[in-house]
Amino acid sequence: MFRAAASSSSASLRRSVLRQSQPWARTLSSSSSLLRPTPSDPTPPKSPTPTSSPVGASPKPDEDGTTHFGYRDIPSSSKEGLVASVFSSVASSYDLMNDAMSLGIHRLWKAHFVSKLDPRGGINVLDVAGGTGDIALRILDHARLKHIDRETKVTMLDINPEMLREGMKRIKRESMYWNTPQIDYQLGNAEALHSSMEIPPPRKGHKTLPPLKSQRTEDESVDLYTIAFGIRNCTHIDKVLEEAYRVLKPGGVFACLEFGKVNNPLLAQIYKQYSFQVLPSLGHILASDRDSYQYLVESIERFPTQQQFANMMKKVGFVLPGSEEGERRLRQEGLDGEEWGGSGQGEWEDLTGGIATIWIGCKL
Ligand SMILES: C[S@@+](CC[C@H](N)C(=O)[O-])C[C@H]1O[C@@H](n2cnc3c(N)ncnc32)[C@H](O)[C@@H]1O
């Protein structure tokens, strides 16, 4: 099994994510062509982006201290503030817009993401960039309904107080976990989980919520680290990954759901038209906010390719269980490749043709 230091909860979680052909995955993917996972290809998928556009997925900010904000090149130091203003602006309409923009498909992706991880066994989960709590709620519901597990605990962490407060309001309004030890909220920066953040004063309408908290996340304290549609908003993706690696226990799992690059040229063309023609207008009509949704669309284009992101994960030390290399590493650790590893199917899982992608990494 794992090293002695690995907790049994991490081990069972990891066993779950390492299984390649879970019956539920087949059922879910075959029941919905929109969600059908496509095995990843060892070669980088082609970006649908034309070379004439100002786009080019850049895995990290330039050495000279510039980065991108959508299509704009900006000083790295400004990105956090600009992203903050986007999410403060969209916080109250975020859930409505998510459904409208994705035609509800984001729900299928998130459900699949959580099912694939199959969280259970009283584990400690850190849901980074937790926003309005979509992933946290699904994790707690999955553990409770599928495994009668009321011990698993999720800490929702977000850099944006408005988004975090929207999440708290929702957990209070819609769930049974409010005021239970199963859920906690932290203001924090994915790039710097080693430090706490300054707490802003509560705003009107939030007076009924408990005050926000912020504290350092300790080394090797987390069994499962999730980040859904959050990492592309971070300035230094490599720092996010390093911090994820630091806070995970040996045997812990890093799981990322993010927009990928579409593989099929026809779907890529349709998706591009929809993203750039329809989404900013929807933002304008439904949330009176074209600019924020224009940024969100552009930020998807600027995110690394599936292969680039997988490489970044491996660089910080994660083992990607679906790959042949991952399987070899697992065998080196004395783990049964068949039981623990994949059959070399790929380092990521594309959903809906690569519109969204799941990457999973293990800290051995
Ligand atoms: C698109 S939302 C995703 C929310 C949620 N995970 C979901 O799937 O619905 C992105 C979230 O990332 C947060 N975020 C952006 N940069 C961050 C950072 N550096 N650290 C933590 N959260 C961040 C934003 O505040 C926002 O709530």
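Placement of Cβ uses the backbone N, Cα and C atoms for every residue, glycine included.
Annotated features, as they stand in TrEMBL:
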{"type": "BINDING", "residues": "T132, D158, N189, A190", "note": "S-adenosyl-L-methionine binding site"}
{"type": "COMPBIAS", "residues": "1-38", "note": "compositional bias 'Low complexity'"}
{"type": "COMPBIAS", "residues": "39-48", "note": "compositional bias 'Pro residues'"}
{"type": "REGION", "residues": "1-74", "note": "region 'Disordered'"}
Going by DSSP, give the three-state secondary structure for A190 (S-adenosyl-L-methionine binding site).
helix
So, in DSSP terms, is T132 (S-adenosyl-L-methionine binding site) helix, strand, or coil?
coil
Checking the spread of the S-adenosyl-L-methionine site as listed (T132, D158, N189, A190): what is the longest Cα-Cα distance, in whole Å?
16
Residues with Cβ closer than 8 Å to the Cβ of A190 (S-adenosyl-L-methionine binding site), same chain and 6+ apart in sequence?
V128, A129, L157, I159, I227, G230, I231, C234, V240, E243, A244
Restricting to the chain of D158 (S-adenosyl-L-methionine binding site) and a gap of 6 or more, list residues whose Cβ falls under 8 Å of its Cβ, or answer none.
V128, A129, G130, G131, L164, G167, Q186, L187, G188
If you run the three-state DSSP split on D158 (S-adenosyl-L-methionine binding site), which class comes out?
strand
Return the residues near N189 (S-adenosyl-L-methionine binding site) by Cβ distance under 8 Å, restricted to its own chain and a separation of at least 6 in sequence.
E80, I159, S195, M197
